[in-house]
Each structure stands twice: as C-alpha cells, then as structure tokens.
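What follows is a short report on a single structure.
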Amino acid sequence: ADPMSLPRLGRGSMGGTQSLALPLGKGPHHVGCTDVMVGHTRQGLFLRLFYPCVPRAGAEQPLWIPHYEYCCGLADFTQHSQRWCAPLLSVSIGSCKVPVSWNGTFKPCSSQYPLIIFSHGLGAFRTLYSSVCSELASWGFVVAALEHRDHSASATYFCTAEAGREEWIPYQRVPQGQKEFYFRNKQVHQRAEECVRALRLFEDISSGKSVLNVLPQDLDLSVLKDSIDLTKVAVMGHSFGGVTAVLALVKEPGFRCAVVLDAWMFPLENALYPEVPKPVLFINTEKFQTPESVAKMKRLSSRNSQTKIITILGSVHQSQTDFTFLTGKLISRIFNARGTLDPYKGLDITSRAALAFLQRHLNLAEEFDRWDNLLEGIGDSVVPEAPFCRSNL
C-alpha cells in the first residue's frame, strides 16, 4: 500500500473554513525563498530554495500551492474525483502563502552556511515541507527542497526550450501486474540520483560556473558562490524521501549524515544496508511505522552507534508535513493530517532534534547541542526507539 494512502471522505465532513497558518522560523535569520529549475528536459533539476535573507518590509510571500495542477495532482493521488476535489482544494487552500520573503536578498555570511538537500514523500512536492525547511533556514542553513521527477510527486513539470512551455509529469500508481518493490526501488534510485545532482549543482555554483535558472526569478544564483560550506552537507527527507536520503548516503560521500522523517523503508534493497556508511537520525511518528520497517532502521543503528531512532508521541505520518497546520475539518479529513500532539510542538521537536544531530555530524559551532537529550529520546512527547505496540498498521 502507498505509505501516504489517505482516508475516504465520509459524509457530513464538508464544514469548516480552511486556513493555513505556517509558523515563522524561530531562528535568528529571516528566511528567503526562490524556485530553481535547471535544464529544459526531465533530466534537469527542480527545487525550492530556502535561505537566510535580509529582512525587508512588505516583502512578497510565495504561494504554498504554486499551480492549479498541483490541486489536480493531490485530488488524483488521494483518489478523489478531480472534477470536484481539485476546485475545492484550489478554493480552500489555493491562496495560502508561506511566511517567507519571495526572492528575498540573500544574506551574506563570512563563515558560510551548511547545506541540506530535502526529499519529499510519495504524492507530495517541493512546497509541502515549507514549515520544517524554513525553520532550518532560520537557524542558518541553505535548504534545497527537491521536486522529484520519478512520477512520485502528485504533479511536477519541466519547461521545454521552445518558448518555455510547461510539460507536466503526472503521479503514477504501481502498474497493474508489476511488483510494487521493483517499481518503487527504481524510483528510489532515481530520487537519490537527483539528490546527488542537486549537490553537484551547488558545487558548480560554488566553483563560479554560471548556472542558468530557466524560471524567471530575481535571485541571481551567483550570490551563493562563496556562501555555502560544501564540507557541511546533509540529506533529509520524509517517508519515501526518508529512504531516499538513506540511499543518497550510499551514493554520495559528500553527504555527511541524514535526517530521516518517518521513513518508508520498504523500497530499499537489503543488500544496501551494510553499505550505509554515515550516521542517520530517524525521527518517527507514533502511528506509521511497522515492525519490519523499524527492524531495518535497527540494522543501521546496530552498525553505527551514532545512528539514532526516536519516536514523537501523539503524531501521525502527516504530522511532519505542512498539512498538519491546516485548520478546518474538510481538508484535515482529506489529508488525515492531525495527531493529538499540537503541530507547533511537533515541529519544535523535529527541528530541534535535527539541529542537535546536524551540529554533531557537520561540526557546527552553534549551540544546538542544548537539544542533545532529544537524540536519546529524552523529553516531553519523545521516546527512544519505536513503540511497536502502538502501531496501527
């Protein structure tokens, strides 16, 4: 089954106005955001970049759902009729904004920012983790949230060279008669390769190569040239993106560690587990993991004492996406987005544990080690390892 498979809508769930209140980052930096597309084919790259920026009054904020096609894709992915679900999504969440400065002026930094490449889950796309990406950027990271082109995004596109026409790539279910493992395994390898290509992109920018963003943005990528520390790079992801991050560690020595949110471990072949060379932080939700999946995580933690597994109590799989911040009954029902834990608190635990782990393995000179106890599963609403008995899968 798809890990993000979502509940059917019951009758009587239509009430409730929608709003998206994404939190502002709590770190010392204002956050800017831009979209970057490189190349005119599906072999290129597409990502949303979150970065420390110079504050400016009245700065424009980007849309959370950047195109109507994403509403169609979400309707499709959740197996609701596009005819009514896409317009409904568009009306209810289509005007939601992310509280960051669109194309804000990049904030130069003498000591250079560490880099995080972020991989989305099945049926998601580059903007649906804006809360965690902007939180990390507010603490002094450059975060590149990829939009994968392996047909696992609910929708994505590339711009062809002739007149920049948008060519859309739809979500694809496992084809009839094909084993799910083989289909997903091929996808996870493509996704991990895209993570590696994203790192190459930043290496090109840092070496002074001129990188053309085919989207008409105001941010000149050359401003990043001396501002990213390529010795301090991590890979991160949610669900399908979580297992993508683990595989990216195998493929690319430049990734020093991985932060993995509620990984869907199923698509990774067993032969690769002994190959994972670097530490991984697994931050699981209470309601998603299976004993098989956790056993795979434990294979990694038994080989590497720096690999940690913690579980956030009161959380569900969607608690680590922006959907958890949607208020209003309808959309919460469509996306099964809320656990019992307050979403702001869930984001705090996730980002603080991530920051403590990144400080340790990227050798950062910050004070994120004040949250080290979270890495041992010590704290309110956190437990070490995985509470098997609580899984409802």
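Every residue, even glycine, has its Cβ placed from backbone N, Cα and C.
Automatic, uncurated: that is what TrEMBL annotation is.
Per TrEMBL, active site, nucleophile is recorded for Ser239.
For Asp262 (active site, charge relay system), the same-chain residues 6+ apart in sequence whose C-beta sits under 8 angstroms from its C-beta are His238, Ser239, Gly242, Ile283, Asn284, Thr285, Phe288, Gln289, His317, Gln320. The active site, charge relay system annotation in TrEMBL covers Asp262 (among others).
Marked as active site, charge relay system by TrEMBL: His317 (among others).
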Other CB atoms within 10 A, centred on His317 (active site, charge relay system): 28
